[in-house]
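What follows is a single structure, written as structure tokens, with notes after it.
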């Protein structure tokens, strides 16, 4: 084995158990398209021209001039689809059949030309037609045609058939190429199966086929997508040790993965290496770095990177401007963000749907809801692209401000513009009406949402549960809790917190303790066993600060100061950080009991971890002030 072909098992996966081999679907003869029967019945528009083109294809294929043969074959297919008054999509099966007939009837050995036909149809993105031709062949075509079918199956996400074709290629003794294995590693990447990708790699190396730049890059991409950035870096190192020059795509995959982990410094190390290797960064590289810098609020550096683009002859793109605008808004500089928007229009670039969402959301987050509304209206009238995200940002802000009438009006305009409200739109409205205690309207919106076939998610259910629990409808809240579980929607820690808060509001603190214990998989005997065991390392209590702080508040108002203190101790040992309100409750409770030294210890702990004390009158905060309802980490517009 050559030094450039390391076993990936030794490189990365030593000690891990390999997966079982892929299953065989036995769909070789089920690949044919429904139009196969139309071949013989469809006449060619010009038999003489088709015959001349077919003869030329045979000649080019025999001379091994496959690039020319593919071009001629595409002309043959297009000539066969020139039926007046019919769309190309409707004539594709017939034209493929006519091309097949022309090639099959003009040579006694048509197999090479028919293999070229398969490649041409794949390149024309006529996969079903290519499969129809492929399945009519008596034997497997040459390797390039099989590789073309494999690639087409991957792009169509028909992975089972791709594996089955690979099995048949092996069983027929076909000598495979690195292109074949690259395609299969790409299948593994799409399936999220890094271990199977390793098996394919090792099989390729075992057959004395050296990986190339595409092989390494595809494996790096697969590892990055699965979060294995360390393994990806090792493959990247092995690639360079094998004497292969990474390309821009290779660098961008790693840089993007680092930026997603907010490790922009590592991305910049790769960027400097890219420049030293002689590669010229393109718009994608700049977009990755600028977006990464903006995500960590290093807007000044992002703008410097933007200004550096002309030095490499790279024109700014809409995604670059989008990243800069988003970064400026998140840095609290709305004026700069709007200046970036104006500069984008001066470059003659049309805002895309994400541009409008970024601007509307940024303005709303900055409290400029009226400006956001005027901007959205101007974009509507200009006919620019819009998506649900821009409307959802405005709807959500109206709901937070209690302006439910305008929120509904915005939802109506959204529908009039041909954009259907989605789960985020409905969830914002449901939360808005729940907040003002109008659970009847919230349930009506929920009913309409379900009637339209939009499935509620955990945030939707939690908003409904919160509305009922907060307004005395705890039984209804638990019915919704049961319904969401029955529909396969798993409650999260915030859902549990809302129910715990509802029980504490009704002075059902022991019920709240029992609920948390049962939800955490603990056996409930009595509250004293719960608090006496809460310090054990093997405890199964849900490690969420909101739940614990809610329970502490309930215990405090129920005058169970000792139990509240025990639960607080568990929080601190588990690494959770209480807020100033929780500290204030406990300090007050200790003072009421006369334990001044304990109160001073709590105050010192609060200062040590950086929780600032409040000098204002303390009132019970809403649970949802701790965790935003439409947090972008939970819901995607």
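Each residue, glycine too, has its Cβ placed from N, Cα and C.
Taken from TrEMBL, the feature repeat 'PPR' covers 142-176 (among others). If you average pLDDT over the repeat 'PPR' (142-176) in this model, you get 84.
Secondary structure counts, DSSP: the repeat 'PPR' (177-211) has 26 helix, 0 strand, 9 coil. According to TrEMBL, the feature repeat 'PPR' maps to 177-211 (among others).
Across the repeat 'PPR' (212-246), DSSP classifies residues as 26 helix, 0 strand, 9 coil. The annotation repeat 'PPR' is assigned in TrEMBL to 212-246 (among others).
Look at TrEMBL and you will find 247-281 (among others) tagged as repeat 'PPR'.
The list of residues near the repeat 'PPR' (282-316) in space but at least 6 beyond its ends in sequence, with Cβ under 8 angstroms from a Cβ of it, reads 248, 251-252, 255-256, 258-260, 262, 264, 267-268, 271, 274, 323-324, 326-328, 330-331, 333, 336, 344, 347, 349. As annotated by TrEMBL, repeat 'PPR' applies to 282-316 (among others).
Residues or ranges marked as repeat 'PPR' in TrEMBL: 317-351 (among others).
Look at TrEMBL and you will find 352-386 (among others) tagged as repeat 'PPR'.
Through the fold, the repeat 'PPR' (387-421) approaches residues 353-354, 356-357, 359-361, 364, 369, 372-373, 376, 379-380, 428-429, 431-433, 435-436, 452, 454, 630, 637 of its own chain, all at least 6 residues removed from its boundaries and within a Cβ separation under 8 Å. As annotated by TrEMBL, repeat 'PPR' applies to 387-421 (among others).
Summarising the annotation, TrEMBL assigns repeat 'PPR' to 422-456 (among others).
Counting residue by residue with DSSP, the repeat 'PPR' (457-491) contains 26 helix, 0 strand, 9 coil. The repeat 'PPR' feature in TrEMBL is assigned to 457-491 (among others).
Positions annotated as repeat 'PPR' by TrEMBL: 579-613 (among others).
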Sequence-remote partners of the repeat 'PPR' (247-281) [C-beta within less than 8 Å, at least six residues beyond its ends]: 213, 216-217, 220-221, 224, 229, 232-233, 236, 239, 288-289, 291-293, 295-296, 298, 312-314
So if I exclude everything within five residues of the ends of the repeat 'PPR' (317-351), which remaining residues of that chain have a CB under 8 angstroms from its CBs? That is, six or more out. 283, 286-287, 290-291, 293-295, 297, 299, 302-303, 306, 309, 358-359, 361-363, 365-366, 368, 379, 384-385
